[in-house]
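For ARG7, GLN8, SER9, LEU10, ARG11, ARG136, ILE137, GLY138, TYR139, GLY140, GLY141, GLY142, TYR143, TYR144, the entry in TrEMBL reads ATP binding site. As annotated by TrEMBL, substrate binding site applies to GLU58.
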Amino acid sequence: MTVDDARQSLRAELRARRKALHASERIAAANGVAESLEQLADFLVDHRIAGYWAIDGELPLHIVVSNLARRDQQYCLPRITGPRQLSFVPWKSGADLESNRYGIPEPVCTKEDLLEPADLDIVLLPLLGFDRRGGRIGYGGGYYDASFAFLRERSEATRPLLVGIAYSAQELDLIELAPWDVRLDYVATERGLIDCWES
Ligand SMILES: Nc1nc2c(c(=O)[nH]1)N(C=O)[C@@H](CNc1ccc(C(=O)N[C@@H](CCC(=O)O)C(=O)O)cc1)CN2
Ligand SMILES: Nc1ncnc2c1ncn2[C@@H]1O[C@H](COP(=O)(O)OP(=O)(O)OP(=O)(O)O)[C@@H](O)[C@H]1O
């Protein structure tokens with residue numbers, strides 16, 4: 001079985017695990033993650049922070065978005081701009097959205113609005129599974145891995161910081177890393193902030 005095959009079956013299990021969470025756990029996690037992120041000093045002062053529009057049981061970021069707006073920090077959402085390629089667009093709560101090919105809402109924008117991955121300070125990444133070393137399993141599109149491939153050879157946290165957002169129930173023991181995988185610098189869950197360079 002290749003890394004890709006093993007991941008496919010793991011994805012199904014992880015989707016089921018996330019789907020099974022109770023509404024009360026989702027509410028607690030949305031609040032808890034917003035608090036956990038505030039333990040990261042850079043998160044309170046950095047200018048450009050990218051998140052995602054939660055779909056399919058992903059951990060919702062609306063509390064994070066309003067906290068950032070209150071501090072005048074810029075919040076951005078991803079836009080698919082090519083094969084395995086993400087760009088980012090500054091977005092304020094209530095601004096226009098349109099659906100992408102997967103039915104995920106993206107900001108409506110002009111070319112001039114598009115920011116490249118390297119322009120960001122912090123990226124909050126959706127995920128299906130994570131481990132404490134910064135391993136991440138997503139939907140398998142390779143969008144984040146390819147867009148942030150320029151960070152792959154780093155040996156410490158550098159900009160943009162990659163922060164996985166997860167329910168603690170999404171933690172895995174150890175994810176076998178594929179050569180293209182870009183490790184997370186931190187993972188924020190409702191239980192706290194994990195520094196992936198620490199272990
Ligand atoms: N909220 C959110 N936005 C995001 C991501 C994400 O994971 N979550 N992405 C993170 O990369 C990018 C989109 N990547 C995606 C990759 C695969 C599928 C997906 O649903 N794949 C289906 C197969 C669909 C098809 O073949 O057309 C599947 O897995 O069943 C969705 C999004 C950018 N925006
Ligand atoms: N830098 C890259 N260059 C070329 N192909 C890549 C690159 N990164 C990932 N891929 C391809 O993308 C596919 C999906 O990768 P992976 O399973 O790691 O996605 P994921 O992290 O689960 O998804 P996503 O990042 O979209 O949330 C892999 O099969 C791999 O072949």
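Cβ from N, Cα, C; glycine included.
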Completion exercise
Students should find that the Cβ of ARG7 (ATP binding site) has, within 10 Å, a number of other Cβ atoms equal to 19
Practice task
Select, from ARG7, ARG11, ILE137, each of the binding-site residues with a Cβ positioned under 6 A from at least one atom of ligand 1; if none does, say none.
Solution key: none
Problem - Those residues of the chain, 6+ apart, with a Cβ under 8 Å from that of TYR143 (ATP binding site) - result: PRO78, ILE80, ARG84, GLN85, LEU86
Fill in the blank from the handout: Widest Cα pair spacing in Å over the listed ATP contacts ARG7, GLN8, SER9, LEU10, ARG11, ARG136, ILE137, GLY138, TYR139, GLY140, GLY141, GLY142, TYR143, TYR144 is 20
Problem - In the chain carrying GLY141 (ATP binding site), residues 6 or more apart in sequence that have Cβ under 8 angstroms from it - result: ARG84
Exercise for the section: Tally every other Cβ atom lying within 10 Å of the Cβ atom of ARG11 (ATP binding site). Expected result: 16
Fill in the blank from the handout: Mapped onto three states, the DSSP assignment of GLY141 (ATP binding site) reads coil
Practice task
Give me the Cα-Cα distance between ARG11 (ATP binding site) and GLU58 (substrate binding site), rounded to a whole Å.
Solution key: 13
Exercise for the section: Give the helix, strand or coil assignment DSSP yields for the residue listed as 'substrate binding site'. Expected result: coil
Practice task
Sorry to bug you, but what's the C-alpha spacing from GLU58 (substrate binding site) to ARG7 (ATP binding site), rounded to the closest Å?
Solution key: 18
